[in-house]
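Annotated features, as they stand in Swiss-Prot:
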- His43: active site, charge relay system (ACT_SITE)
- Asp88: active site, charge relay system (ACT_SITE)
- Ser182: active site, charge relay system (ACT_SITE)
- Cys7-Cys141: disulfide bond (DISULFID)
- Cys28-Cys44: disulfide bond (DISULFID)
- Cys78-Cys234: disulfide bond (DISULFID)
- Cys120-Cys188: disulfide bond (DISULFID)
- Cys152-Cys167: disulfide bond (DISULFID)
- Cys178-Cys203: disulfide bond (DISULFID)
- 1-227: domain 'Peptidase S1' (DOMAIN)
- Asn45: N-linked glycosylation site (CARBOHYD)
- Asn57: N-linked glycosylation site (CARBOHYD)
- Asn81: N-linked glycosylation site (CARBOHYD)
- Asn132: N-linked glycosylation site (CARBOHYD)
- Asn148: N-linked glycosylation site (CARBOHYD)
- Asn229: N-linked glycosylation site (CARBOHYD)
Amino acid sequence: IIGGDECNINEHRFLVALYDVWSGSFLCGGTLINQEWVLTAAHCNMSNIYIYLGMHNQSVQFDDEERRYPKEKYLFRCSKNFTKWDKDIMLIRLNKPVRNSEHIAPLSLPSSPPIVGSVCRVMGWGTITSPNETLPDVPRCVNINLFNYTVCRGVFPRLPERSRILCAGVLEGGIDTCKRDSGGPLICNGQFQGIVSWGPKRCAQPRKPALYSKVFDHLDWIQSIIAGNKTVNCP
């Protein structure tokens, strides 16, 4: 997160961290949506990851911190009417459910679609400088604005005319999600509306917002898989 502050210890109980098993390096964020499922970005998918829940400072362990492995992973595989931009979403089933605790609690799925003009909260352990990386020990939080999708199309002409993508940032620059914030939540008016997906190589430039996968448009898929319907039809 560029331009943010350390998150309040109580405001990110649903925020999880994905690590590479072999190198131990921090990869991505994710969001706990119930006791055994995490929603993240598809581009965070590595063959061997483990997931930390209930973490704040990466070098100080809480008593209720939990470590899990993916038992199952689901990628959004629809090709008709979808471009590669529309598919940066992944569901992970934990190898063992987690219990709610002081630092762990799920974030519910959105009950209504996001509204352009909303102020949204983003958070993560991603780099705090760009283009060179500086990774913080604690998650950073900051507020950004939800723009009309056409704003991002103006910046990234390759984007399709219509898509399941949200466009958000701060037009003056200086505030943004960045590398390794991927997979974390975009929370607008208290609702979980987006997943950190993609942005320019250099983060937080003026008039260059970033892209977020739109959770609301994938609800059918998410709910079907959680319900046990593993061969979900495309919407």
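The backbone N, Cα and C atoms fix where each Cβ goes, and this holds for glycine too.
What you see is a predicted model, and the numbers here were worked out from it, not measured in a lab.
On the structure: features taken from Swiss-Prot.
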| residue | record | DSSP class |
| --- | --- | --- |
| Cys7 | disulfide bond | coil |
| His43 | active site, charge relay system | helix |
| Asn57 | N-linked glycosylation site | coil |
| Cys78 | disulfide bond | coil |
| Cys152 | disulfide bond | helix |
| Cys178 | disulfide bond | coil |
| Cys188 | disulfide bond | strand |
| Cys203 | disulfide bond | coil |
Inset, instruction - Could you tally the C-beta atoms, other than its own, that fall within 10 angstroms of the C-beta of Asn229 (N-linked glycosylation site)? - result: 11
Legend entry - Separation of alpha carbons, Ser182 (active site, charge relay system) and Cys44 (disulfide bond) (Å): 7
Inset, instruction - Please name which of the recorded positions listed here, Asn45, Cys120, Cys203, Asn229, is nearest in space to Asp88 (active site, charge relay system), Cα against Cα. - result: Asn45
Legend entry - Neighbourhood of Cys152 (disulfide bond) by C-beta distance under 8 A, where only residues 6 or more apart in the same chain count: Leu159, Ile165, Cys167, Pro209, Leu211
Legend entry - Residue among recorded positions Asn57, Cys141, Cys203, Asn229 with Cα closest to the Cα of Asn148 (N-linked glycosylation site): Cys203
Inset, instruction - List nothing but the one residue from Cys7, Cys178, Cys188 whose Cβ has the fewest other Cβ atoms within 10 Å; the candidates are the disulfide-bonded residues. - result: Cys7
Inset, instruction - Let me know the most crowded of the recorded positions, choosing from Asn45, Asn57, Asn132, Asn148, Ser182 and counting other Cβ atoms within 10 Å. - result: Ser182
Legend entry - Integer Å distance between the CA atoms belonging to Ser182 (active site, charge relay system) and Cys28 (disulfide bond): 5
Legend entry - Neighbourhood of Cys141 (disulfide bond), C-beta criterion under 8 angstroms, separation at least six: Ile1, Gly4, Asp5, Glu6, Cys7, Asn8, Glu11, His12, Arg121, Val122, Met123
